[in-house]
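Inspection log for the structure reproduced underneath, given as structure tokens.
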Amino acid sequence: MHLSNITQFSPVLYLTGFPGLETIEQWIFIFFFLMYLVAISGNCFILIIIKTSPRLHTPMYCLLSFLAFTDLGLSVSTLPTTMGIFWFNSRDIYFGACQIQMLCIHSFSFMESSVLLVMSFDRFVAICHPLRYSVIITGQRVVRAGLVVILRGPVATVPIVLLLRTFPYCGSRVLSHSFCLHQEVIHLACTDTTFNNLYGLSLVVFTVMLDLALIALSYGVILHTVARLASREERLRAFQTCTSHLCAVLVFFVPMVGLSLVHRFGKHAPPAVHLLMANVYLFVPPMLNPIIYSIKTKEIRHAISNLLGLRKAGAESWS
């Protein structure tokens, strides 16, 4: 797995499963299979519920469908290589396929950050300006915001992903994850990568960090507005409309910030730390978001109950 000389282009990279845990890989496979099953089926279920329930054809649930779509894309992006390692012990990946995967992973990550920002603005308007909500948050504006969300990630990520092909690579071609990340592949290049590093850092600062700051600002104003409500019941009811989104924000941003800090400043950290942070960042949010919204959102629970009731009635009519 080592090159004796520098090559202008490394055609094959090698992925890593869980070093040192080969004896329990069967159990790890079951764990990851269940996470993928919950993430993919859960987000598909959320999309079906919103599509088939006329009561949920509102801007808020349109944004929730965007979130489910990005979580679904994030899960599918890592599925081929992660499951390939456990099912077929296939650890090699062509550089072009690696580029496509990292483009999908980073694009869907930036898309999810954007969706959470737009959702926080939706909650801000709903709580701070409830009488003007239907005027400010319209279907047309939600569609426009969705287009921006969809285009923002790929447009921002394509340049640094394409530049990777121009670098010479030497030494080890072994990655420390079961999927490709830009911040890891760039370390394999044996040339000056200052532009990519600065571009990647500025991308994180002006997208993810800016989104997080604006979300925090939105919630600061929301909390100030909620605190001024007259009764405790009103304050509780107003804040309950934000709990699902707030949980989704924490589930997404905490692992993402942790992974960025580990890659930037934790070069001497144990490999297990890098593995843990990367897997939590990519696998946990898509798995938990459908569960959070199914449990915390009353309208989603009612839609699920109605759907299950219709299926049960249909089954009884056939029996």
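Cβ coordinates come from backbone N, Cα and C, glycine included.
Because TrEMBL annotations are produced automatically, they should be read as predictions rather than curated entries.
Taken from TrEMBL as is:
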type: DOMAIN; residues: 42-293; note: domain 'G-protein coupled receptors family 1 profile'
type: TRANSMEM; residues: 27-50; note: transmembrane segment
type: TRANSMEM; residues: 62-88; note: transmembrane segment
type: TRANSMEM; residues: 100-121; note: transmembrane segment
type: TRANSMEM; residues: 142-164; note: transmembrane segment
type: TRANSMEM; residues: 203-226; note: transmembrane segment
type: TRANSMEM; residues: 246-266; note: transmembrane segment
type: TRANSMEM; residues: 272-292; note: transmembrane segment
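The transmembrane segment (142-164) makes no contact with the transmembrane segment (27-50): fewer than 3 of their CB pairs lie within 8 A, with pairs spaced 6 or more apart in sequence. When each of 62-88, 100-121, 203-226, 246-266, 272-292 is scored by its Cβ pairs under 8 Å to the transmembrane segment (27-50), the top-ranked stretch turns out to be 62-88. When Cβ-Cβ distances below 8 Å are used as the criterion, the transmembrane segment (246-266) is approached by residues 67, 109, 112-113, 116, 119-120, 181, 183-184, 201, 204, 208, 212, 215, 219, 273-274, 277-278, 280-281, 284-285, 288-289, 292-293, 296 of the same chain, each at least six residues removed from its ends.
Mean predicted confidence for the domain 'G-protein coupled receptors family 1 profile' (42-293): the pLDDT average there is 87.
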